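One structure, pasted below without further comment.
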Amino acid sequence: MDLDIKRLQTTLEQLNEYGNEGQGINRLAYTEEEQEAKNFFMELCKKEGMSVRLDTAGNIIARREGQDPSLPAVAFGSHIDTVYEGGKYDGAVGVVAALEVIRSLNDKKIKTAHPLEIISFACEESARFGYSTIGSKAMTGLLSGDYENLRDKDGVYLKEELSKYSLNLEEAKRPKEELEVFFEIHIEQGPALEETGKKIGIVTGIAAPTRFKLLVKGLASHSGTTPMKYRKDALLGASEIALALEEQAMEEEQYDTVATVGVCDVKPGAMNIVPGLVEMKVDIRGVSEESKARVIEKLQSAVEKAEAKRGLEITSTVLAEETPVQLEERVIDSLKETADKLGHSYLLMPSGAGHDAMNMAHLCPTGMLFIPSKDGLSHNPQEYSSIEDIGIGAELLEEEIMKWAKVVKEAER
């Protein structure tokens, strides 16, 4: 392996000093901690001779010029922001591996015909504002809804943070002709690679969520004096909806479709009162539109049944509706070819989580690589991927980048 794994590890550790408060990494989007980490990373890119800029969404774009600057860039990267009390590898692995590819090419004095770009996207995580992949959505023209009026848990508006850094999401869109291809390397955040013993996941498609907020309205009443048959228990209705979702999602297992009730807020919330109101937030995601549609249909059916059975009033609001992305076969085939060439075992697999790559696929051909996650754990301080596995992913990325960018000069070895 030509890459300097120790250097890669050191850079990853240095990056994770930013926002490290002892209990996980807190490097939330558009915060001082994230900005300090971005400044650190931009300086490292400049040291490698790259021109570096922040676009109007806060995305870092670091460019290594090619022999023919008129050619579209071969781009690769990920994100620096984290969730609350996040791990050290989610996103960070992708940008640090991208930098190590540039360093390795510089060490070997390898020139490419196409320019190379590292892109570190802003606000990939939805943790702060409840809206994910903002930077890549801005770059690809996929922003929707009243996003600037989103607020974090402290009541700070997204538009206030954008103004503080002189950012304007509407001006960040890039023309398609500027990019030849985009690659993202990321931790799997699931158990498949570890369980199968494979070193690389080659992503075939990226799941997209449809999210709902349900308000289940019953009647709060005395828990001791209200007979069971006269109750309008909102929690029991919500529970039946949740179980119906689980049942349908299990039937869709072959399509990797999943359904989650991640929020269930019960009111009044006293043990001697029959629940009168439940707010549920439902996340349904998968790579098959047809499979997702069946789960959504089951949700609607379960709502109607709960209303009729228990005398409830249930309202449903769509919070997000995104389309799954199938990655291009020619990019997948190219990654398979490179993995075979390097002798790395791989698994063809969908991504259950959303990533910036799903948005970039609307702008240019896109490929995505996973490396194993210990115990499938992520969004957790105990998140871990070995430096050896990160190195394998970075090696494959470098080989793939050279293929697409077309090596024109290579130092003697």
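Using the three backbone atoms N, Cα and C, a Cβ is placed for every residue, glycine included.
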Which of His186, His222 does TrEMBL put in the same Zn(2+) 1 site as His79, Asp90?
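Zn(2+) 1 site check in TrEMBL: besides His79, Asp90, the record includes His186 out of His186, His222.
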If TrEMBL gives Asp90, Glu125 as binding Zn(2+) 2, which of His362, His379 does it give for that site as well?
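According to TrEMBL, the candidate sharing the Zn(2+) 2 site with Asp90, Glu125 is His379.
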So what sits near Glu125 (Zn(2+) 2 binding site) in its own chain, CB-to-CB under 8 Å and at least six residues off in sequence?
Leu28, Ala29, His79, Asp81, Thr82, Val83, Gly86, Gly91, Ser132
Considering only the binding-site residues Arg211, Asn272, Arg285, His379, which residue has the minimal Cα-Cα separation from His186 (Zn(2+) 1 binding site)?
His379
Considering only the binding-site residues Asp90, Arg211, Asn272, Arg285, which residue has the minimal Cα-Cα separation from His379 (Zn(2+) 2 binding site)?
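So, spelling it out, the nearest of the binding-site residues is Asp90.
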If you take the centroid of the Cβ atoms of His79, Asp90, His186, the listed Zn(2+) 1 site, which other residues of that chain have their Cβ within 8 Å of it?
Ser78, Tyr89, Gly91, Ala92, Val93, Gly94, Glu124, Ile187, His355
